[in-house]
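Contents: one structure, followed by commentary.
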Amino acid sequence: MSYFEHIPAIRYEGPQSDNPLAYHHYDPDKRVLGKTLAEHLRIAVCYWHTFVWPGHDIFGQGAFQRPWQQPGDALERARQKADAAFEFFTKLGTPFYTFHDTDVAPEGDSLRDYAANFARMVDYLGERQHASGVRLLWGTANLFSHPRFAAGAATNPNPDVFAWAATQVCHALDATHRLGGENYVLWGGREGYETLLNTDLKRERDQFARFLSMVVEHKHRIGFKGALLIEPKPQEPTKHQYDYDVATVHGFLVQYGLQNEIRVNIEANHATLAGHSFHHEIANAFALGVFGSVDANRGDPQNGWDTDQFPNSVEELTLAFYEILRHGGFTTGGMNFDAKVRRQSIDPEDLFYGHVGAIDVLALALERAAVLVENDRLDALRRQRYAQWDDAFGRKILSGGYTLESLAADALARGVNPRHASGAQERLENIVNQAIYGLR
């Protein structure tokens, strides 16, 4: 059975085409900086927003009528969902996908049900991967939707909830390994608090760290070679989450000695909620040595919640890709579309329109970022700004050649009177615009 029989395979037709079901800028085989666009972008489609979300919101019930979401045998519906998903991936031409455990398999009424159902669906996903050539970018466990996780999973006051969560992660990590996944993501959607009046912050942080340490140990025990990634988010669904942003996650990892084991998966909309730009979070991740992967989407700056819209800003993504490219590009990570169509977009074609347009935006942004990397104008000005630190005096400070007292004495003896230099922000912004809009 075909779920998208009236929709052709999406092909590159070029910028002059007016076909809404074609790529206008994404030519997967086009080479940029020595790699194809497909190799650079490593695009993934997420299971949850695309095939699981029924189109509901807090004010209304599901608006979609997906065949695989209708009442019936839960495992049969899960197989239909997988069939629809892999038909979608294949027609879109995207090389990767991502999932939560309970996206792909019914949870059932017990842990035994969960394990049995998930095992059956992992077998089925393996068959679909083999037949299609589509690969798993990352897997994860849903430790936030069920009421048992209302007070958190790893940070829950009940150790039985901790144990249930550990069981899910154990199975999800095993499944990711078996399916050839390149990363495993840990998003602590409920790892936070609603009120400090009933919260022991130190205890919950210690519990979370213990949980992560167990995941790290299991990764090595089973021989999983992929990366473990935490996905930062400041709030929603909790008032305050412990993985607030990249810097917070890094500090947490350092505190518990996990900084060499876990990196970050950065979502654009989560950066918005944390009061940061997407560019900031990616640059910070590289500066701290924890960059892993990206969830590509956008938020609405007028809304204080996670809208998970498809990315549509070449300007925003150019700066994000500039950081990624100048640091060598993705290794195990990629661009996962953690994005959903709007509730009124009920037609099957809308799923394609959203992804096709966003993929074109990624391609445009990456090519513009490549211009910035190739012409080296931004980096040259940055190097010039800090050039004095590469002189003998600057190197001596950084290498420990001075104490605070001896440096002060040296400054007094030389009569230091430094002059302020221009930051040249306007010039730098012009360089970016020239690259984005094709001026040079």
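Note that Cβ sites are derived from N, Cα and C of the backbone, with glycine treated the same way.
Together with E231, E267, D295, Swiss-Prot lists one candidate of D200, D338, D347 for binding Mg(2+) 1, that being D338. The Cβ neighbour count for D103 (active site), using a 10 Å radius over every protein chain in view, is 23. D306 (Mg(2+) 2 binding site) has E267 as its nearest neighbour among the recorded positions H100, D103, E231, E267, D295, going by CA to CA distance.
Excluding E267, H270, D306, D308 themselves, the residues of that chain whose CB lies within 8 A of the CB mean position for the Mg(2+) 2 site are, in sequence, K233, A268, N269, T272, L273, D295, N297, G299, T307, D338. In the three-state DSSP scheme, E231 (Mg(2+) 1 binding site) is classed as coil. If you check the recorded positions H100, D103, E231, D338 against H270 (Mg(2+) 2 binding site), the ones with a Cα inside 10 Å of its Cα are E231.
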